[in-house]
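Listed in TrEMBL for this protein:
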type	residues	note
DOMAIN	A:12-203	domain 'ABC transmembrane type-1'
TRANSMEM	A:16-39	transmembrane segment
TRANSMEM	A:51-75	transmembrane segment
TRANSMEM	A:81-103	transmembrane segment
TRANSMEM	A:141-166	transmembrane segment
TRANSMEM	A:186-209	transmembrane segment
Amino acid sequence: MEVSIELMIRALWETLYMVSISLFFGGVLGIFLGILLVVTRKGHILENKVIFSIVNPIVNIFRSIPFIILLVAIIPLTRLIVGTSIGTTAAIVPLVLHVGPYFSRLVENSLLEVDDGIIEAAQAMGAGPFQIIFRFLFPEALASLILSVTTATIGLIGATAMAGAIGGGGLGDVAITYGYQRFSTITIFITVVILVALVQVIQSLGNIFERRIRRV
Amino acid sequence: MIEFRNVSKVFKTGDKQIDALKDIDITVEKGDIFGVIGFSGAGKSTLIRTVNLLEKPSSGEVLIEGKNYTTIPEKKLREAKRNIGMIFQHFNLLNSKTVYDNVAMPLILAKMKKSDIHTRVKEILQFVGLSDKADNYPNELSGGQKQRVGIARALAPNPSILLCDEATSALDPQTTKSILELLKRVNQEYKITILIITHEMEVIKQVCNRVAVMEDGQLIESGSVFDIFAHPRTVTTRNFVRSVVRDEVPESVINLINLDRESSRIYKVEFFGTDSGQPVVSKTAKRFNVEINVLFGNITELQGIPFGNLIIQVIGAHREVEDAIQYIIEQNVEVKEVEADGSQHRVNDQSFVGNIVHG
Ligand SMILES: Nc1ncnc2c1ncn2[C@@H]1O[C@H](COP(=O)(O)OP(=O)(O)OP(=O)(O)O)[C@@H](O)[C@H]1O
Ligand SMILES: [Mg+2]
């Protein structure tokens, strides 16, 4: 049995929906955790052993749980937040908890790449911690952060494919139900092509923005 | 202006303990261009960083215009830092921002009005000679231009102190010179007290009026640049002075020293601030029946005063040569006789009498 074009479009839409919403919330979470991981570390502007030694292992724990397990493990939490544990919207909760910690490590790396001299200059001119983070660290790390967002987005696309397990829909769901379970090679082929194209487009956009910001 | 009082700094890394500063006492007066020189690891950066509290002293205090900033609240401290500009060896500019935005940054942090920021940035870019680079990014500039941006950024909030940590160490000699000239102008036109950290005596020679020499976290010598150059008391300082004013006798001169000391002798004549070497030499040649050849000269200028040495060969009858040298010594000039092994010994009045007696 072949899939209709409408079905494909709907699946693509569901994928984009899940990716963009969870990218937004996961991005906010990731940036927040990423900043904490950077500024509370030893020798940094808001060194704080307690916060760092709480955030750091939590991020590691989430990073080490395979998404498919996280998806199932947090069903009660998902129900608490969105009222249901199945469907596209329900998939967003685990997606956010998956991508947030992942993204926080990328943000951490990007911010740590900024030369210490910049922070020193900022402190010398009397900048406070917030000013240092948002007026010095982020602008300097922007190009690198764009690449981090790109990587996180592509990671999310992969994760949404598993959202089918809780009825999340999307391209991955179509590929599994129609392609794998009903032996439709053409469906698998089409979804793979769409996913590859999607990843290519996102990566290219990321690279274009990154180069523009780096002015190379 | 800036007073270091018994400042010590101890770094503890693991079980190791580093005494980066040991009981430093220095007073930098208003209007000084004060240089601190020392080898790598001497503690210079640590010292300068205690001024704007990038580093807190472990003991002792640093007073800025009589105030100790370690005791004031964080917020007040940030405001106070606007009174202290700083420039760095590697410039530390924001690569993501234009020259204009870099210079505007401290003013933005101070929440200055946009129109006022504009006026101030234009004015200060004009001063450092970068008006035409306002819209360029740092990676489009040469090292010297980047340091000018650094200086403009430091000057933007109108500080009364400028700290320079190895500000010219990444630059070639020509560019170093132009940056030092700019610092001189900063000192003169804006009446800003400047504290310079360097490992190059050339920098001290070119701009500073006072200097402190550091070694292993200690202050080993300090005083006016002229005094330190003229009378270095420690080996370290002497070596730093030698890096700018060579005072060893060149090989070629040593080879000239013949055994016929009756008719020709070689002296090193040292000038510290006497009008100039030349008049003394020519006056002596005229007054006595001797011929004087300048074999080697190393005269430089310290704050407009000639400074250095001449190696001269004095040819003539023994008695006449000794009288000539005596005359030179009377002109308040230090004279050393150069021996065949390259060593030099001071010819002062007493030993001279001895010589005469023996001769
Ligand atoms: N944050 C720090 N933690 C531990 N040790 C430090 C720290 N900063 C400086 N030191 C040590 O203190 C000593 C003095 O360092 P400092 O940077 O002040 O030297 P410096 O004279 O500026 O040298 P350079 O010419 O290489 O810049 C060195 O032994 C250095 O290793
Ligand atoms: Mg240093």
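Yeah, the Cβs are placed from backbone N, Cα and C, and that goes for glycine too.
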Beyond the flanks of the transmembrane segment (A:141-166) by 6 or more, those residues with Cβ under 8 Å of it: 15, 18-19, 22-23, 26-27, 30, 67-68, 71-72, 75, 85-88, 90-91, 94-95, 98-99, 102-103, 106-107, 109-111, 113-114, 172-173, 175-177, 195, 198-199, 202-203, 205-207, 209-210, 213-214
Folded-back contacts onto the transmembrane segment (A:186-209), same chain, C-beta under 8 angstroms, at least six residues removed: 2-3, 8, 11-12, 15, 146-147, 149-151, 153-154, 157, 161, 171-172, 174-175, 178-180
Surrounding residues of the transmembrane segment (A:16-39) on its own chain - C-beta under 8 Å, 6+ positions past either end: 45-47, 51-52, 55-56, 59, 88, 91-92, 95-108, 110-112, 129, 133, 137, 149, 152-153, 156-157, 160, 163, 168, 170
